[in-house]
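What TrEMBL says about this protein:
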- 103: active site (ACT_SITE)
- 290: active site (ACT_SITE)
- 116-122: disulfide bond (DISULFID)
- 281-285: disulfide bond (DISULFID)
- 85-506: domain 'Peptidase A1' (DOMAIN)
- 315-355: domain 'Saposin B-type' (DOMAIN)
- 379-420: domain 'Saposin B-type' (DOMAIN)
- 1-24: signal peptide (SIGNAL)
């Protein structure tokens, strides 16, 4: 994408940062934590010195399946922090203030420790000083949370945690003594407060949210997010503990059950582009509502179709076109002869017979050029391109397209495969002509318009526009999987109902 895109990614990284935080407790028994942001304009100096790869905070999703050893599968998701939302908490007595991300995609609370001596990032953030707290209790057990650019590591301690006007007593948290890479140095947040389930908590530590419920501090075992996506307004949004604020949404929520504790995971139906099925999730996909992820991530097969529809430019994959050139017509003929789609690529010798769809697309995009190809890697890549081509052709056949039209369409999709770093640029002047992208949840269709899923940095002729979609591939049985981050949650007020184990969505007010 060149220097301009690198500048854009830096801008996305630093676009929304903490300003101040507002707390309020009303007579309805709800605790409201205000989320604020301020916009930075001067970001070019940083971009000139830093490798763009280091500007991606990478979340490692530990996907726990039902099979033996499957809990060790790790899926990296790049997070550009283009629209992060921050709040303030206090730890200790008296409270020491920290800026944190309220993150439904993780379950631990961690902040920098005063004993962090050798990481530059610690010198630019607030640090917890146990010696200054009268309620501190020593634990000392070591802990580490892994990220793509390294790992924050440290040890567990116990102390009181203040969230708004609530005091959570004897809360275990991690004092981080090591924060490598530019990710934490460039950020304005000090740490992360995880709101996921204990099943994914490092050290099996009881999450802060569990403690709030167990200690009877909230009216109901429910919390909800409202994000203000208007970048011109100072107010960033609000997280409400103990229920929902009716002023934050319109209409009724659509609730779906949590299907796997760990992340707030649920079943999702078809994904539509301009009202037309992408043909991938019609049989069902899984999704995670994740407030700690800025973008909206999904299977490469669908993201490529979305890129094609919105004119996003990724990288051209010659290998993809070669598969289409050599096997495209044969694949089409096999589909027309009603060969089982999932067996086509193995019958062509491009996939092993025991492999299921998307089994090789576990961690990175299939177009990641950072990994040196071996013959085995190339074979896996050809298998993946074959499987994607089958899905794309199936979808076109349902629309009664001609053979020439289908082949041209599939070749165009090869050109739209996401870039290795996940970014896809679009023409800012074309927003009005871009289609809606819709997600089916609980039988209801949730629409995103172009101005909602395109992230714009800068103004006028200097404006850069980036697609809010990026590729992430998770194999069965936990996949295909979508991560619905702030791009989605910003448009739809989201309720996390711990008591009923459901997630609810309604139009944000």
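Note that the numbers count up from 1, one per residue, in the order the chain is shown.
Including glycine, each Cβ sits where the backbone N, Cα and C put it.
Take the CB of residue 122 (disulfide bond) and look out to 10 A: across all protein chains shown you find 22 other CB atoms. Nearest by CA distance to residue 285 (disulfide bond), out of the recorded positions 103, 116, 122, is 103.
Nearest to residue 103 (active site) in space, judged by Cα atoms and limited to the recorded positions 116, 122, 281, 290, is 290. Proximity of residue 116 (disulfide bond) to non-local residues of its own chain (separation of 6 or more, Cβ distance below 8 Å) is seen for 122, 127, 154, 175, 176, 177, 178, 179, given in sequence order. Confidence in the domain 'Saposin B-type' (315-355), given as mean pLDDT, stands at 83.
Summarised by DSSP class, the composition of the domain 'Saposin B-type' (379-420) is 33 helix, 0 strand, 9 coil. When the Cα atoms are compared, residue 281 (disulfide bond) and residue 290 (active site) turn out to be 19 Å apart.
Counting every protein chain shown, 22 other Cβ atoms lie within 10 Å of the Cβ of residue 285 (disulfide bond). With a 10 A radius on its CB, residue 290 (active site) counts 30 other CB atoms from all the protein chains.
In terms of DSSP helix, strand and coil, the domain 'Saposin B-type' (315-355) has 26 helix, 0 strand, 15 coil.
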